[in-house]
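Database features, via TrEMBL:
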TRANSMEM  B:6-27  transmembrane segment
TRANSMEM  B:34-53  transmembrane segment
TRANSMEM  B:59-78  transmembrane segment
TRANSMEM  B:90-117  transmembrane segment
TRANSMEM  B:137-159  transmembrane segment
TRANSMEM  B:188-208  transmembrane segment
Amino acid sequence: MSQHTATHRRTVAATAAAAAALLAFTACSTPSTGTDPAEAAPGVTDDTVTIGTHQPLTGPAAAGYSSISAATQAYFDYVNENGGINGRAIEYLVKDDGYNPATTQTVVRELVQEDEVFAILNGLGTPTHTSVLDYLNQNEVPDLFVASGSTSWNQPDKYPFTFAFNADYVVEGAALAQYAVDESPDAVVCLLGQDDDFGDEVVEGAELVLGEGGLAEVQRYSVSNQDVTAQIGAMQAAGCEVNLLATVNGFTALAVGTAAKLGYFPKWFSSSSGGDYPTLVGFLGEDLAPKLLQGFTSTNYLPFSPDGEWTALFRQINDEYNDGAPFDGNTVYGMSVGYLFAEALAAAGDDPTRQGLVDAISSGDLVGNGILPLSFGSDSHAAYLGVGITTVDQGVQDFVGTTYALEGDEVATVEAEPVPLEGEGIPGAE
Amino acid sequence: MDRLLFLLATGLARGAIFALFALSLVLIWRAARIVNFAQGAMAVVAVYVAFAVTGLTGSYWAGFASAIVAGAAIGFAVERGVMRFAPHDSPLSGVIIAIGLVMVLQSALGILFGATVRPMEVPFDERPIVIAGVPVLSPYDLFVLVVAVAVMAALGVLFTRTSLGLQLRASAFAPEVSRLLGVRVSRMLTIGWMLSAAVAALAALLLVPTELGLSPHSTDVLFVYAFTVAVVGGLDSPPGALLGGLVVGVLMSLVTGYLGATVAPIAVLVLLVVVLLVRPGGIFSARQVRQA
């Protein structure tokens, strides 16, 4: 490792010296020829841009998330087939980290040092990505649209190269609690959460609305034990009527299934990370899921409505470029990430540099495809500070039309502003 | 009081599965003096077979039977095809080969069937029977308990009352002498593996419907807890596996219920450390010192 760093330092020194020399030349004589500034940006050639990511393709987390990078890849294939962005094809290097932070560190260093990627896109997971946050920022590698709802990614002063993608867990917790209060003001509201930042931040958000101690019962689960009977039993005994869930999809299914076995049928309000209906059907089975999940409430910030134009386009891309893989929330998510990156790359201009890419996102001009405007700006690296409420009816999950945004510590009801589909879903195309 | 009863009942049902899987580890240890780290992965392959058979025939019981048969077949294949060639001079070589086998089996399942989790149905009511206002065991939990006890009783009879059992025990404890007396030791070893893998497959088959569902990693955590159970109970002792399983199951449930889910694995670890300090051979060990 130290060797790599030393090599890197030497490279930096050499580059700096070369740059200084070049400056001296240009300062004193005729314009130099042949030194295209684009050559300085790693991962960018005349006709390609290479970016990378770390994803759990194997291991226990693969079941929930391995389809995301495949969807992003399919979207890039679609873009490349149609001429790419500013004439460049996007090459997406997907490395498997097995959701193990130690492996994440290795593969991300490989991507940056050996593959010389232009940027890291959509690295997945809070514990995994946290382990490379300092490294990427020290090396000034754009670290775009992290796939996790942790609030860590939104620290522009500390981590100027890192940008979030998900609506963060505090926003989701606040929105779910607000919806619970608006819909059933007298209900006993409780929470089941993962025993890490995910659970903590949703509790934090919920307490913004309900006040300190406003949750009648808070139960935690650990991913190392796939038995939540004790926790669900406690919630049942406490008389919980609305249960907020800070759970991944598997544990959402487990919670709902376990409660049903205990003859306990509260309302379930899940964060978007664990509230994807097609995925939950996979866990619970075709027969049981529609019954158990009738009225299941969750949040979303992406255009996943079954009859929307974005979904139609993404379905078409999924069929053509992703071998018709099962179409679910992960597909919409992965393709939306791809779209936003393509938009940022288009905005970075004909000769994109790493700083140029970061500036393009920080400008606040990006639109994305969410149901609310992006929150990116010079002092905000959060993508979405609001979410729409969704519910399942007769096996179809869709927005109910209620949308909340977190403004400071206050939850406000806002109007959704869906982005119309233009240029066949390829940014910059007319 | 209600809560205590509820937690005890939940823990008991889970403990029975730990016990059964731990028993399979004990069987291999007794037959071959190997802690088989591939036991979980081998069992999950058998559950995939059961899943396919149930899917094709529509019968849970056909799947149930096929899991046991497949388990035995995998035990046979692993012993004859892989473990037989492990050098015997160091116990580590068997362990390392087994860990390699885990990677191969889990990756192969991932390649063939994908990483998705598939729900498994059981032909039992999973709603608990309510006694005096407290939900206790469900019919499925009772079925699990009955199967666990029946399997242990059957194995007990096999080992103590039959000629095959005598030969199995003899070849495990004194292979040289047994060979001189006409026992086909290598065949006994294979039978030991087959028995063990079949029991493991059964335990995994019982566990999977109570958890998330079937994936190549369904038995990862089961193996870890069952290994703890086997060591706590004494690697040599089938009754130790039974009791250890129930103790660990109830302990996890109580700790989760009263102290929180995060603490549960730590509580199991503390139990393991305490047992190893006080009785290094496990609670039911016959001998004073373990051999590996």
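Just so you know, glycine gets a Cβ as well, placed from its N, Cα and C.
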Q | the transmembrane segment (B:137-159) vs the transmembrane segment (B:188-208): 3 or more CB pairs under 8 Å | A | yes
Q) Taking the transmembrane segment (B:59-78) as the reference, which of B:6-27, B:34-53, B:90-117, B:188-208 gives the largest number of Cβ pairs under 8 angstroms? A) B:188-208
**Q.** Cβ contacts under 8 Å made by the transmembrane segment (B:34-53) with residues that lie 6+ beyond its boundaries
**A.** 21, 24-25, 28, 62-64, 66-68, 70-71, 74-75, 78, 83, 91, 94-95, 98-99, 101-102, 105-106, 109, 113, 118, 120, 196-197, 200-201, 203-205, 208, 214, 216-220, 222-223, 226-227, 235, 292
